[in-house]
Amino acid sequence: MERGSRSETLDQAGKQKGGQKLGSMLPQIEPFIPKRDHNPKELRSWARRTGFVSTFSGETTTSVSERYGAEKDDSGGFDLERGRDQRGGSSPKIEIDPILGRTRANRGFEIEPASGSETGAVQRLPRDESDGALGLRNGTARGENKKRRIGIEPVLGPADEERKVNLNGNGNGNGIVNGDGHQVPVVTSAAEPKKEDSKSEEEVGIDVPPDDEEPPPEGWRGSSLMKCGLRENPGFVPLIYYSLQHYLSLAGSIIFIPLVIVPAMGGTDKDTATVISTMLLVTGITTILQSYFGTRLPLVQGSSFVYLAPALVIINSQEYRNLTEHKFRHIMRELQGAIIVGSIFQSILGFSGLMSLILRFINPVVVAPTIAGVGLAFFTYGFPQAGSCVEISIPQILLVLIFTLYLRGISISGHRIFRIYAVPLSILIIWAYAFFLTAGGAYNYKGCSPDIPSSNMIVDACRKHAYTMKHCRTDVSNAWRTAAWVRIPYPLQWGVPSFHLRTSIIMIIVSLVASVDSVGTYHSTSLLVNSKPPTPGIVSRGIGLEGFCSVLAGLWGSGTGSTTLTENVHTINITKMASRRAVELGAAFLIFLSFIGKVGAILASIPQALAASVLCFMWALIVALGLSTLQYSQAASFRNMTIVGVSLFLGLSVPAYFQQYQLYTSLILPSYFIPYAAASNGPVHTGSKQLDFAFNALLSMNMVVTLLVALVLDNTVPGSRQERGVYIWSRAEEMETDPSFLADYSLPKKIAPAFCRTKCLGS
């Protein structure tokens with residue numbers, strides 16, 4: 001039917017007087033009557049004629065109301081989700097007719113009772129021959145079995161069948177909710193004998209949630225399969241098990257960054273062990289702070305890969321390439337100063353409430369390519385470094401893939417250990433395998449010693465095998481011999497941080513990238529643990545505290561900032577453990593381990609090829625987690641596909657352009673560090689060496705370019721709110737009416753008043 005006919009019908013309906021039935025207002029289209037041997041083509045034909053939109057699909061589809069109202073929504077017209085004019089005026093709410101699936105406007109006109117009927121009686125539509133109104137059978141909507149399987153809607157009771165609606169505009173709240181989240185008045189038919197229908201009834205259905213249940217927002221997963229909820233306490237012994245389970249699955253993210261940056265900074269094995277212990281301490285402290293005073297979600301604060309790329313850019317700058325004396329301490333103090341400045345900016349961004357304004361521009365279409373760009377930034381480091389010893393790197397990659405993909409369904413004593421402990425189990429197995437290769441003499445070369453640096457080797461044959469011995473042997477590290485049994489990391493242990501404009505600018509922009517990463521993690525985690533999404537104030541509180549935690553990381557000297565680990569979402573999804581107490585207990589355990597120097601020494605002795613092969617999997621997982629954020633938008637939209645594709649391509653191609661302006665870098669640095677050395681020789685020349693270094697560095701980093709392109713395109717290309725996947729943050733008034741919502745994010749009672757005085761920080 002043409003769009004114009006719909007409006008004409010509604011205009012005529014507004015002028016109807018008594019004596020005319022409601023059925024005359026609607027187009028005369030026969031309802032679809034399911035049969036035992038119905039033809040699927042007949043169902044599709046009926047859906048095309050009537051405009052019926054199925055809501056059973058898990059995908060985000062464009063509703064009929066969205067098609068009619070998208071143009072106005074994009075041009076500053078009325079808001080589809082709020083049902084009001086964005087320019088201040090009121091406009092009709094576009095709704096789907098519950099019988100025919102067609103759109104109609106709720107203009108507030110009254111329908112006069114039919115002649116001959118009782119005063120005030122409500123007109124009823126004819127009941128279908130085989131079903132009640134809306135296709136209800138014994139009080140249950142068709143498609144109940146399907147909904148019961150996927151856990152979206154509860155089964156309707158008998159009282160829900162005969163609901164009536166006040167058609168004079170009182171707004172009593174009765175009615176059903178269509179696929180777009182709007183309430184649709186129910187008009188029931190006169191009493192008729194019900195007939196039991198056949199199984200073919202289950203083929204077609206309409207979502208009919210009960211009256212007393214508020215419809216979940218778009219993109220909301222209503223059910224939770226968590227074994228332990230956010231505020232639950234399963235007991236001390238289970239908490240110990242769950243905390244170890246949680247942190248062991250994140251071992252690769254917590255301890256492997258020092259294995260990458262410390263050797264690149266010219267640090268010794270003892271320095272690597274000290275940085276690992278410092279990172280364990282900072283991770284434990286910042287996780288407890290975020291759990292008590294931040295978003296209060298079960299998230300781990302740790303050394304993020306977001307800060308790894310800028311750290312490598314600073315490490316490989318030209319002034320540090322030929323530095324030999326105290327190179328590690330000079331670079332570490334430079335990193336500390338840059339991280340502190342960028343973290344102070346991030347903290348101000350959160351605690352001042354500016355983050356609430358920035359959230360309007362951050363949507364899944366922006367978050368997805370940005371997080372994916374973080375993982376793709378290290379494709380030049382991953383296998384080139386892992387390939388230095390293919391005897392252990394290839395088995396490591398294959399084993400972790402076998403555990404996570406092929407053995408993920410195997411359960412031992414009710415626990416799927418291969419899926420939960422894929423990374424630590426594979427590391428232990430391959431590490432033991434590498435130890436036996438070393439002990440068996442696989443890397444013994446006549447007259448060669450792995451303890452002698454390659455520059456001091458005289459025999460050419462030994463110099464040839466020095467690279468293999470360094471990366472494959474498990475006994476080349478002297479961290480165990482040099483590390484103390486007890487050592488407490490302390491602030492400023494590497495000296496006073498140094499501050500420079502060029503590195504401060506880099507870390508300020510990187511802190512924005514880290515904030516975007518955390519926003520996506522907050523939203524995904526809140527949906528996973530079955531808690532309502534946090535308000536902009538709660539998100540601002542979390543971002544502000546992340547900035548404070550990164551300041552602590554800069555003072556202690558962990559080499560990178562502290563932010564929410566993206567891999568945490570995957571861990572919660574696998575372990576089904578969402579208790580804050582488990583995360584806090586595990587953080588306390590990390591703090592205890594950081595005081596034992598030999599623990600950091602053991603971790604520092606992991607062969608570099610083994611660490612790089614594990615990181616190949618971790619970075620690939622970050623890419624996948626980033627792209628999975630598109631599920632909250634219309635991933636099949638051509639607009640979204642184009643924005644994501646262009647953002648990722650330019651995020652890889654533009655840095656490659658900046659990296660080609662390096663003439664002699666390949667003669668000095670290893671090949672896997674060349675992409676991070678473009679800051680000193682890039683094409684940008686402003687007349688200031690500090691600004692040249694900053695701009696060349698930023699435009700040579702994949703995640704920064706990806707964020708800029710996606711942010712501009714998503715906020716300038718027209719698109720509806722549903723298509724863009726605009727995050728539906730919870731409204732502030734819900735915190736006052738929903739106690740469970742308040743309890744999930746509320747701060748401890750002693751400090752809550754201090755934060756509540758600032759409205760921009762939520763509860």
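Using the three backbone atoms N, Cα and C, a Cβ is placed for every residue, glycine included.
Residues or ranges marked as region 'Disordered' by TrEMBL: 1-149, 189-220. The compositional bias 'Basic and acidic residues' feature in TrEMBL is assigned to 33-45, 68-87, 192-202. The annotation compositional bias 'Polar residues' is assigned in TrEMBL to 52-65. Here TrEMBL flags 203-216 as compositional bias 'Acidic residues'. Here TrEMBL flags 247-266, 273-293, 299-317, 338-362, 382-406, 418-436, 582-603, 609-628, 640-658, 693-713 as transmembrane segment.
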The transmembrane segment (582-603) in contact with the transmembrane segment (640-658), cutoff 8 A, at least 3 CB pairs, sep 6+: no
Interface present between the transmembrane segment (418-436) and the transmembrane segment (299-317) (three or more C-beta pairs under 8 A): no
At a Cβ cut-off of 8 Å, and with pairs 6 or more apart in sequence only, do we get at least 3 pairs between the transmembrane segment (382-406) and the transmembrane segment (609-628), yes or no? yes
Close approaches to the transmembrane segment (418-436) from elsewhere in its chain (Cβ under 8 angstroms; 6 or more beyond its ends): 245, 248-249, 251-252, 391-392, 395-396, 399-400, 403-404, 407-410, 472, 474, 574-575, 606-607, 610, 614, 617-618
Long-range neighbours of the transmembrane segment (247-266), counting only residues six or more past its ends (CB under 8 A): 272, 275-276, 279-280, 283, 300, 302-303, 305, 308, 311-312, 315-316, 323-324, 327-328, 331-332, 381, 420-424, 427, 558-560, 565, 567-568, 571, 574-575, 586, 589-590, 603-604, 606, 608, 611-612, 614-615, 617-618, 673
Lying 6 or more residues past either end of the transmembrane segment (609-628) yet within Cβ distance under 8 Å of it, the residues of that chain are 252-253, 256, 259-260, 305, 367-376, 378-379, 381-383, 385-389, 392-394, 396-397, 400-401, 404, 423, 426-427, 430-431, 434, 471-472, 520, 524, 566-567, 569-570, 644
